[in-house]
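According to Swiss-Prot, the protein has these features:
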type	residues	note
BINDING	CYS441, CYS447, CYS487, CYS491	[4Fe-4S] cluster binding site
BINDING	CYS491	siroheme binding site
Amino acid sequence: MTFSTENNKQIVLGEELGPLSDNERLKKQSNLLRGTIAEDLQDRITGGFTADNFQLIRFHGMYQQDDRDIRNERTKQKLEPLHNVMLRARMPGGIITPTQWLAIDKFATEHSLYGSIRLTTRQTFQFHGVLKPNIKLMHQTLNNIGIDSIATAGDVNRNVLCTTNPVESELHQEAYEWAKKISEHLLPKTRAYAEIWLDGEKVESTEEDEPILGKTYLPRKFKTTVVIPPQNDVDVHANDLNFVAIADNGKLVGFNVLVGGGLAMTHGDTSTYPRRADDFGFIPLEKTLDVAAAVVTTQRDWGNRSNRKNAKTKYTLDRVGTDVFKAEVEKRAGIQFEASRPYEFTERGDRIGWVEGIDGKFHLALFIENGRLLDYPGKPLKTGVAEIAKIHKGDFRMTANQNLIVAGVPKSEKAKIEKIAREHGLMDDNVSEQRKNSMACVAFPTCPLAMAEAERFLPQFVTDVEGILEKHGLPENDNIILRVTGCPNGCGRAMLAEIGLVGKAPGRYNLHLGGNRAGTRVPKMYKENITDKQILEEIDLLVARWSKEREEGEAFGDFTIRAGIIQEVFVSKRDFYA
């Protein structure tokens, strides 16, 4: 056997990794993710969950949070934090119907503290601020419209992303179907979710099995995508497992498989780093699910269960060797990877506005700043989407860039939908290309991990950057892919941006430079722990040089490397901190 977790210590390929982390105890004792969540729900003395259940609810798609803006005030009043949960829905490929949309809109309005729907970088939506008495209702509301939140958090395969590309409608549909199949294939098989939230019939856990994930699930979170080149809107290098669609005459014939991407790191710990995924090669369509399971089970058995900071697939590849990991996947899947088929990523932003698909239907991509759908003064965005949902006969597609596409609109309905969108501030011709190419995670006040502002910080920061670009005479198309993430876990995918800000402390960030527009290069830290004012001063100096010294059409990230401002990261383990 190549691995063992006996006697509370982990050995992989003859190497002892150390004692198992406490999360491994928690999963083992959880009775296949049940824990005592059902009992906790009945406890109305506290709005939160006990320590173990606090972790276990993640496997059910929720995080316990509180409002950090009022935490100190509640402490002064001798009150516990305002505990609530954030739920992330499971929506492979991000497709949702108008009927489903109206139901989630109603729930967010009536049963959440913030009244918003948050589109996320995981191509789904989140409810924020749901109090304990409403949690069961939330799951049952979703179930009634065919949605769940199983495995959108925790040590499992998370929501499967798929390129939002309705123009190539036939190819997109095939890719989307594979995203759904992969999601279903890798889902936990436990009945815990149905039992606890949907009042399903209880079963003895001895009758259940987890053939792919195992009874202690994965060492850490696991992220999967299906991507259609030349678009890289899902950011393949942020994910553990990627299926790159290879088409022949518009028909899907197979996938190139990329393994071991990931962006999370820990401040001050050089054993952690963002990493690009490795290309394992091409597979035919019929081997897709076998390969998905083989990658997941290899990571299940070989991933680090002693140190969670080094537990992701990217570290497993660097520890055991990419070739060794790949050979094990081939053995388990009963396949030999073929040479990768050629493809190229050239863009990853959403095409905001109307585009016509090859089927003659039209698709309207709406720019939603930071993905937050709420009714703002003079911009009732959330109401606007609901009004569109009332008349729209196609579907909606959430994007990994936190935007929303109204898809499948007949030509005869275009004017009607555009009128609603414009009346509610969902279409604005004055939004700059720079703003469209900027993104932030949620951070304060709801994310417990946030070290600095992100979503609330970004709008004004982008305005300031727009001013710098204008000052140096740069035209509208010369924008910079700019991302802000409130902590080094990287939900805002700043570690694949041309300018990436990573929260370090309130009002302070690490400034990273050197990513590229296609999302195939990891940026490197340029300045550490500096204020937003200092960041803008640095950007001003850099943009001044870019405007004067760049080559024809040279993007900002490429310029910073060619000019020697920052060193290129080729191999993250070696170069990221060098």
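Backbone N, Cα and C atoms are what each Cβ position is placed from, and that goes for glycine too.
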Around the Cβ of CYS491 ([4Fe-4S] cluster binding site), other Cβ atoms found within 10 Å total 23
Across every protein chain in view, the count of C-beta atoms other than its own within 10 A of the C-beta of CYS447 ([4Fe-4S] cluster binding site) is 21
Out of CYS441, CYS487, the listed binding-site residues, fewest other Cβ atoms within 10 Å surround the Cβ of CYS487
Excluding CYS441, CYS447, CYS487, CYS491 themselves, the [4Fe-4S] cluster site's Cβ centre has within 8 Å the residues VAL442, ALA443, LEU449, ALA450, ALA454, THR485, GLY486, ASN489, GLY490, GLY492, GLY503
